[in-house]
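Here the structure comes first, spelled out in structure tokens, and everything after it is commentary.
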Amino acid sequence: MSVGIVEEQSVTFETDLRLESGRILGPITLAYETYGRLNADRSNAILVAHAWTGNAHLAGKYSEDDPKPGWWDAIVGPGRLLDTDRWFVICSNVIGSCYGSTGPASVNPKTGKRYNLSFPVITVRDMVRAQALLLDHLGIERLLTVLGGSMGGMQALEWATQFPDRVRSAIALATTSRPSPQAISLNAVARWAIFNDPSWKKGEYRKNPKDGLALARGIGHITFLSDESMWQKFGRRYSARDGLFDFFGQFEVERYLTYNGYNFVDRFDTNSFLYLAKALDLYDVAWGYESLEDAFSRVTAPIQFFAFTSDWLYPPYQTEEMATTLRALGKEAEYHLIPSAYGHDAFLLEHETFAPMVRDFLARVERG
């Protein structure tokens, strides 16, 4: 059952947040949504962390005529994987984004103008520290679990390492301890597309740049899919509207990338895209530690990992390495490799496959 009609909330923290870069950001506004009810001892809270261009709208609709529900609606609600009859589910928009939380598109209170490129570089660790402020605001000392895929999985890892006393468990899907040179290079090409769009104006645009961001998003969509899923979804089908020997004729996969690229321009800020891409590239759970082992030595909660066979952005071996490292340290870690043709996006689509394992894991966590 769906959670039904929901409402976005926000909170502004007047206290400054010291970032990993050493710079200070404040005040900070966080947009968030909650589903279900917090129990009397505040022990039933689950935090869901979104991916790169996600938002706090995890589930439900804002109105009856809303065309589609939140981005992971299928797993949230009464009787669903994240059962809102039992648990209090929270999702917040990360700092640096453009869906209600403080980011480069926000107005700098010191200047009265948009931050744009004066916004400080942020990290995934900074995002999690901001989320900790939200939990303090909600009166939640400890989470039952923190769950996320891709960049959301990175946030789950940061919670487990940076705030081990505040999480009873963590669930990380389709993620990595640090992006590979290949992943960084793909983001670099996406950045070039934006930097070389004259309408970007070095971040000082009034109207969201169109062509550069659309191309950057198209590159992203390629990384989210897989060879197998592209064959299944598009094959080598040519657009029926174009002549085969029309120079500007397009294959169906080209139309897909064009449509999704330009559609994205209408809903996401270009500078936010760049800042979050930078945060992804900089991510290393062992940052500030001597090694991955040193970072994971801080973990006290069990962690459940999921990787997907066709994910070439964050390949399974990267996930397995984390689980193996934790086990070698005597920590509790599960690793599940899910067969899937959906590529990196599988974490959003294969919920029926991994749901039984997550249910079993959370039941064990609750039993202690």
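Residue 1 is the first one shown; counting continues down the chain.
Cβ atoms are placed via backbone N, Cα and C, with glycine included.
Taken from Swiss-Prot, the feature active site, nucleophile covers SER150. For ASP311, HIS344, the entry in Swiss-Prot reads active site. The feature substrate binding site is assigned by Swiss-Prot to ARG217, ASP345, with sequence analysis given as support. As annotated by Swiss-Prot, domain 'AB hydrolase-1' applies to 44-350, with the evidence given as sequence analysis.
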Looking only at the domain 'AB hydrolase-1' (44-350), what is the mean pLDDT?
97
Neighbour tally for ASP311 (active site), based on other Cβ positions within 10 Å of its Cβ:
28
Please compare the recorded positions ARG217, HIS344 by how many other CB atoms fall within 10 Å of each one's CB, and tell me which has the fewest.
ARG217
Could you give the Cα-Cα distance between SER150 (active site, nucleophile) and ASP311 (active site), in whole Å?
11
